[in-house]
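Data block below; observations after.
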Amino acid sequence: MNSVEASHAPDASGATPKQLDHIPNLKLSDGNEIPFLGYGLGTANFKRGDKSQFDEEVVAATVTALKAGYTHLDGAEAYGNEKELGTAITRSGVPRSSLFITTKTSCRASETIQQAFDRSLENLGLEYVDLYLIHSPFFGNPLSAPEVLQAAWADMEKIKESGRAKSIGVSNFLIPHLEAILATAKYPPVINQIEYHPYLQHVTPEGNLVEFHRQHNIALSAYSPLTAITKAKGGPVDAVYKKLANKYGVGESEVGLRWVLDQGIVALTTSKSEERLRGWLSKLAKFKLTPKEVEEISEAGKGTHHRGYWNNRFEENDRR
């Protein structure tokens, strides 16, 4: 292992990745590592309508990502495309040992987490996944009560002990949900996957979600990190992105992704363009923002609020 990289391996403390000629991995609290940049099977690849219909376009897009060099693939049962993800892995010819595969359970009230996990492995055609997440404990969800969360997490821990999930974590959890799990956890969650971008930094007078993770050695993974560009154009971050893109000779999307990476947070993104996918891998490895520039984007982002997902669960100005 490269000694320089090994001595500066970023972890859940939020340490920024050191400037290297490639994008490094982030070390999780259980000792496993996750690639900092991941290809997401949600958003553009999310299957709507009849989810039983096999979608060759999702397979093709995922194969494109694999051949472009993405080794971290983020899936979920709720996306409806686990079979497509598994097929893409097989068709790509990329060795399973070179890949980091994530999937998630929505934890249906009518079944156990073990049943959901078994189904996911069958759909994926895999013997194990690298990371398995419980997805969304929001209001009205079967996971809402602390004792239910704790029981569900105990089932997750059994899956980890079986070796069929190397790491276990959560998705869309807020501070009270994490506190409930941590109160009884044998194996604390290693990561929480959340919507995160300059217009949703999860800071309120009651708490700072990112800082809570730092304090408890829980890594963060950001989905929809480019919202300021893709869904909320015209906001206060635009000018900062443009200035920094000109400074570093990159696109604004690279600046947006670098803002996430330079906080020690995993970034999940997607595109059907092989050129764009390759460009992110190449350009993101060649520059990094200064701490002052990271803070400048953060401060600009506080000037507005935009939540792209779960708006049916939150009030308009709820920034948790």
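Any Cβ shown, glycine's included, is placed from N, Cα and C.
Predicted automatically and left uncurated, TrEMBL annotations should be read as such.
Range 1-24 is the one annotated as region 'Disordered', of 1-24, 193-216 (source: TrEMBL). Compared over the recorded positions K104, H135, the count of CB atoms lying within 10 A of a residue's CB peaks at K104. Mean per-residue pLDDT, taken over the domain 'NADP-dependent oxidoreductase' (40-300), amounts to 94.
Broken down with DSSP, the region 'Disordered' (297-320) shows 5 helix, 0 strand, 19 coil.
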